[in-house]
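Annotated disulfide bond per TrEMBL: Cys211-Cys232, Cys310-Cys331, in sequence order. Feature annotation from TrEMBL assigns domain 'Ig-like' to 46-158. Feature annotation from TrEMBL assigns domain 'Link' to 165-260, 266-355. The signal peptide feature in TrEMBL is assigned to 1-15.
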Amino acid sequence: LPLLLKATLLRLASGSYHPFYNGFYYNHIMNDNGDGQDQVDYFSGAKLVVETSKDPVYSYNGANVTLPCRYRYEPDLGPKRKIRIKWSKLRDDYTKEQDVMVAIGKTYMAFGDFKGRAHIHQASRYEASLVISDVRLKDDGKYRCEVIDGLEDESDIVDLRLQGIVFPYQPPRGQYRLNFHEAEQVCQDQGAILANFNQLFQAWSEGLDWCNAGWLADGTVQYPIRLPRKPCGGVHLAPGIRSYGPRHRHLHRFDAFCFSSALKGEVFYLDRLAGMTLEEAKQSCQDAGAEIARVGQLYSAWKFVGLDRCNAGWLADGSVRYPIVTPRANCGPAEPGVRSFGFPSKGRFGVFCYRER
């Protein structure tokens with residue numbers, strides 16, 4: 001990019017540009033004479049309006065998605081003007097917004113993890129939609145579409161939600177052993193990320209009931225209860241999400257609520273007559289052109305593909321689990337779910353493998 005244009009884009013993304021807004025578009029504000037007599041010359045009387053989707057936009061891991069955004073002038077100013085567009089992502093912990101992209105005309109610059117994955121879609125007049133390719137788990141969240149024309153600055157919010165599943169996770173060491181940063185890492189190790197509150201709430205509305213408190217992406221600790229009971233906040237509290245609020249991210253220790261989305265590959269089961277050790281299970285998956293599945297992948301296959309297997313199998317973290325869609329005799333409780341045998345130090349089982357398509 002030309003140095004001046006690149007500097008302008010970077011300045012716009014940094015948030016150092018703070019235009020004054022009063023509902024009107026000002027055509028010129030500075031006389032640029034340096035004599036201290038800066039004044040407003042005139043305003044056009046046209047109001048800038050920015051609109052995004054009022055409903056959430058749904059996508060899934062690995063897909064391409066368009067976040068709609070359009071702007072207009074009231075009254076219409078005629079031919080399209082050269083405006084600036086800025087997209088940013090709101091953070092779960094309400095800290096500084098994450099820069100996604102800025103654009104001036106047909107020139108744009110994407111930032112961070114969005115480099116090479118994001119661009120502006122302008123198929124029609126006054127369109128400022130954002131296209132994100134190869135959607136990732138952490139792309140889930142709220143995005144701000146900001147349109148800047150001279151001194152007028154208007155924006156609106158669009159909510160991108162990934163279709164996924166929340167699952168509670170405890171490490172082999174047992175309950176309440178993870179600080180916030182360790183919780184982030186164990187979710188990542190299982191092909192997932194820490195869930196946010198909206199994802200946990202959605203899981204609760206779909207039936208998730210879990211009495212152990214776990215970290216969420218914003219640094220709070222919460223847990224979902226469908227059936228109130230004494231050890232879970234008391235029998236007199238209504239069902240809902242119990243919250244411990246923000247906790248110290250280094251000192252306090254809890255479990256984790258992880259979020260995984262639909263898969264680009266497939267999970268399948270392998271077994272031998274005499275079963276396998278964990279190391280033998282890993283090798284069997286490799287021999288099949290795959291890798292041993294992670295916990296998030298098993299949960300995703302259970303929810304989105306309907307994987308139903310009443311045979312216990314090793315997973316990458318050393319746990320043994322199996323997914324049940326249709327409950328039946330000798331396959332655990334009467335509700336669908338992913339059953340767990342914990343982390344056996346010995347034993348021979350089948351294995352769940354994952355292979356990219």
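From the backbone N, Cα and C atoms, a Cβ is placed for every residue, glycine too.
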### Task
Just jot down the residues in the same chain as Cys232 (disulfide bond), at least 6 apart in sequence, with C-beta under 8 A of its C-beta; none if empty.
Cys211, Tyr223, Ile225, Arg242
### Query
Tell me, how many other CB atoms lie within 10 A of the CB of Cys331 (disulfide bond), whichever protein chain they belong to?
15
